[in-house]
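K.L.:
There's a structure below that I have some questions on.
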């Protein structure tokens, strides 16, 4: 994404100091918390970063300035070196919560919402490009910048909101993995046992980071490939009509009966912790934020990589929605289908000869749940380290982050182990909790990428700013509608209504504070 208001291009400056002065973050960006005695938390230590050799050829940077700042020829080798962070980010688009939203949308609305799936993914891409831009241009991630941008009470409140969203998403992801383990074990392992297994394998997989971030990225490539192959197999087995698929993608349709599923699709695209995560992951490459050539080159390849990465989850979501649209749209099971019983319904509907569709579904769901729990724990480390600047080892921070989710998840698993309907109600509440937190990542993100003292010459211009605020406003408005609808049906009595009213006022005031402080 190019800046709208870039400075005049020409010959290289006489001194590198001039460029560094333009690009150097403001003094508040370099401030270290008073309670940490000179220590500042970093997303990646210099020795952990991948060398991308962006300016390995000394002539490339000279030609960059001599040509008026035009980008050098595209390089597949460089794209490969930058490939990785976008695929970790893309996991949030296919976590078990999204998968459940897809299957419910397909079962109740058929293929009529596929166009919305496409455009909501495009909106999510814009948000993630902004997060990548922030991380590359400043050399710091969103949580770190929020710590310096906002007063102590506000950043602690932002941390609390981010943790609530993270725990809510993590419970869904861990439960999704546990359901998959129950399916693949033919019911021998109950959900609570699957929760314990998921908690342990998360730490095992995260230990791969000790051998280099590229090893962890390779693991995610395997998990994404597993998901894609599993759900693609189901897609082929159900033999959907190509004409219906094309019409669903290209022709917008929406009515009062499908509005709830539409809201769920759009709302699930933006996950608050994923915005924090991507702004940190892009720092896994060795880029000098004070070097204009390196930053522009990195932004170019990260934009391509993120776009390519989101094509995969879009296809996975498309497969799931189409499979359940073909099998259950217009049937009596459509209103009752959920993540827990979806495998049973698929098996009854499609069966399977050599590879039963139930187990193919279980493999795909397990890959989705496992990958999303790892990225959730990863994001929690960055959020905690950035907003609180805790001086602790990464494995300790991972343990703390994991414990926040695993303890309530085990309680949930034991309580809901025999109740499918209760699990669906729980998922509704968890979706609400995540929706409430969306403004507290999007508003700071758009605010920071718009500020010249933070971004230097890489701040977004007026047109990109309008598009960004629009992309941020859509999920906020849509989720406000969902929250109003949900709470109006759940709250009764004067006391509960009064408490809800007070909470809404406080919530709205904090959002307005974030908006007007930035503008």
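First residue shown is number 1, and so on along the chain.
Glycine is no exception: its Cβ is also placed from the backbone N, Cα and C atoms.
Just so you know, TrEMBL annotations are computer predictions that nobody has curated.
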K.L.:
Could you tell me which of the ranges 147-166, 167-186, 187-206, 247-266 is annotated in TrEMBL as transmembrane segment?
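P.N.:
The range carrying the transmembrane segment annotation in TrEMBL is 187-206.
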K.L.:
Short question: which residues 6 or more past the ends of the transmembrane segment (302-325) have a Cβ under 8 Å from it?
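P.N.:
Same-chain residues near the transmembrane segment (302-325) but 6 or more away: 1, 79, 82-87, 89-91, 93-94, 98-99, 102-107, 109-111, 113-114, 117-118, 121, 124-125, 128-129, 132, 136, 224, 227-228, 231-232, 234-235, 238, 240, 245, 278, 282, 337, 342, 346.
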K.L.:
Could you check whether the transmembrane segment (358-383) packs against the transmembrane segment (187-206) - three or more CB pairs closer than 8 Å, residues at least 6 apart in sequence?
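P.N.:
When sequence-distant Cβ pairs are counted, the transmembrane segment (187-206) touches the transmembrane segment (358-383), since at least 3 lie under 8 Å.
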K.L.:
Looking only at residues six or more beyond either end of the transmembrane segment (187-206), which have a C-beta under 8 A from one in the stretch?
P.N.:
174-175, 177-181, 216, 219, 369-370, 373-374, 377-378, 398-399, 402, 406, 409-410, 413-414, 416-417
K.L.:
Cβ under 8 Å to the transmembrane segment (218-236), counting only same-chain residues 6 or more beyond its ends: which ones?
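P.N.:
Beyond its ends, the transmembrane segment (218-236) has Cβ neighbours at 87-88, 90-91, 94, 205, 208, 312, 315-316, 319-320, 322-323, 346, 350, 355, 357, 360-361, 363-364, 367-368, 370-371, 374-375.
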K.L.:
What residues elsewhere in the chain lie close to the transmembrane segment (114-136), defined as a C-beta under 8 angstroms and at least 6 residues from its ends?
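P.N.:
Same-chain residues near the transmembrane segment (114-136) but 6 or more away: 1, 85-86, 89, 93, 102, 105, 142, 145, 245, 248-254, 262, 265-266, 269-270, 274-276, 278-283, 287, 289, 295, 298-299, 302-303, 306-307, 310, 313-314, 317-318, 321-322, 442, 445-446, 448-449, 455, 458, 460, 467-468, 471-472, 474-475.
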